[in-house]
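The domain 'Glucose-6-phosphate dehydrogenase NAD-binding' annotation in TrEMBL covers 8-171. Per TrEMBL, NADP(+) binding site is recorded for 81, 82, 132. The substrate binding site annotation in TrEMBL covers 162, 200, 219, 323, 328. Residues or ranges marked as domain 'Glucose-6-phosphate dehydrogenase C-terminal' in TrEMBL: 175-454. Feature annotation from TrEMBL assigns active site, proton acceptor to 224.
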Ligand code: BG6
């Protein structure tokens, strides 16, 4: 795509736009000054161009990118009902050939807008960008995909998953595919278990309207963590270009199932009660404004999966994420099997090596058995640490750069979105049937005390 794109943000006055999208755009335009963007905002609010311009300028400034504002060729706002075909047509009118429609609105509104778009003539190459969740189960994900397929080719649909834009997720590619010390041992023969964990200290943060219907399983595991897992487990692709990369990650998801097909033993869920996270006192989740306690929404979820192929059969992949926990802890932990035999004469335990990729900040470490400290025949653990530096673009900037270039490599493909639901649907069903207890943990703790600790 040429360097001038009309980015139409639907839901321009919303929180996502000012908190994430605009700062990311500011960063992108600062780092890649050749880009030219026309920025059209649209929403139900009675804003005028000046108000929109102020919003953009302030969002850029708050992220330290005030100068980027000058790179925007047009900043206009239109009041619009984005589920109305005439309003949508007006928004696109005169936008030129390179148009990206970014739906920064709740999924149901985005789906309705896509239905309406069927009656609008879209410029060739129009890109559609949608936020998760993509559906509420496999069947609805399929319906949404069918609607989208009537509008534009799949390569022009950007299902956003900013974890794919994280430099930390991407770091796994180099380590895996560019090192002979890892490539040959990346399989069930040498790896015992994998954990993908994303523990947060944040509580609900006023997001009950969305989160109370999603919960940790849908908010994090169904989307982000399965994608991270797919990058870790994919077969080496020939290139990292869109088709090869997305074929390889989708193949992992197609092979993934809940451990032993038993969602009851393979999953756990819990919800936080009142407690202190650092200096902040959090109320019980059920006392947060807007929460309906009868929904039994979990704020901590764990699911163990298996990737049923020759490379991974038998290796548990445990995905876990929760809110209001003691510390922020996002990482992928790869635990290798111990060696078959330690020579007699070396003393001490020799557990398998552990490789950890942090999911931000950008670092990795490798825990190994070494000897030669005080006693040259006694084994001890040593840690090799690497600080990988800041990714140049923040995750949303990476995502936006793909959208402006119409390069969907880091977007979730439709079949992958369906597969992610296919994997978690049985867990959701078991939870809704009450087959898995909803445990509790005090905010600021490590989770329910009786849960077995993960590596
Ligand atoms: C979002 C989830 O997609 O990712 C949030 O909806 C979560 O609940 C967030 O907090 C985590 O990502 P980041 O980049 O904000 O750490």
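Cβ coordinates are placed from backbone N, Cα and C, and glycine is handled just like the others.
Remember, TrEMBL labels are computer predictions, not curated facts.
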Of 132, 224, 323 (the recorded positions), the residue whose Cβ has the fewest other Cβ atoms within 10 Å: 132
Distance check against residue 132 (NADP(+) binding site) for the binding-site residues 200, 219, 323, 328, keeping those with Cα within 10 Å: 219
Entries of 81, 82, 219, 323, 328 (binding-site residues) sitting next to ligand 1, with Cβ under 6 Å as the cut-off: 219
Which same-chain residues, if any, lie at least 6 apart from residue 81 (NADP(+) binding site) yet have Cβ under 8 Å of it: 44, 87
Integer mean pLDDT for the domain 'Glucose-6-phosphate dehydrogenase C-terminal' (175-454): 96
Inter-residue C-alpha distance, residue 328 (substrate binding site) and residue 82 (NADP(+) binding site) (nearest angstrom): 37
Packing count at residue 162 (substrate binding site) (other Cβ atoms within 10 Å of its Cβ): 22
Whole-number Å value for how far residue 82 (NADP(+) binding site) lies from residue 200 (substrate binding site) (Cα to Cα): 34
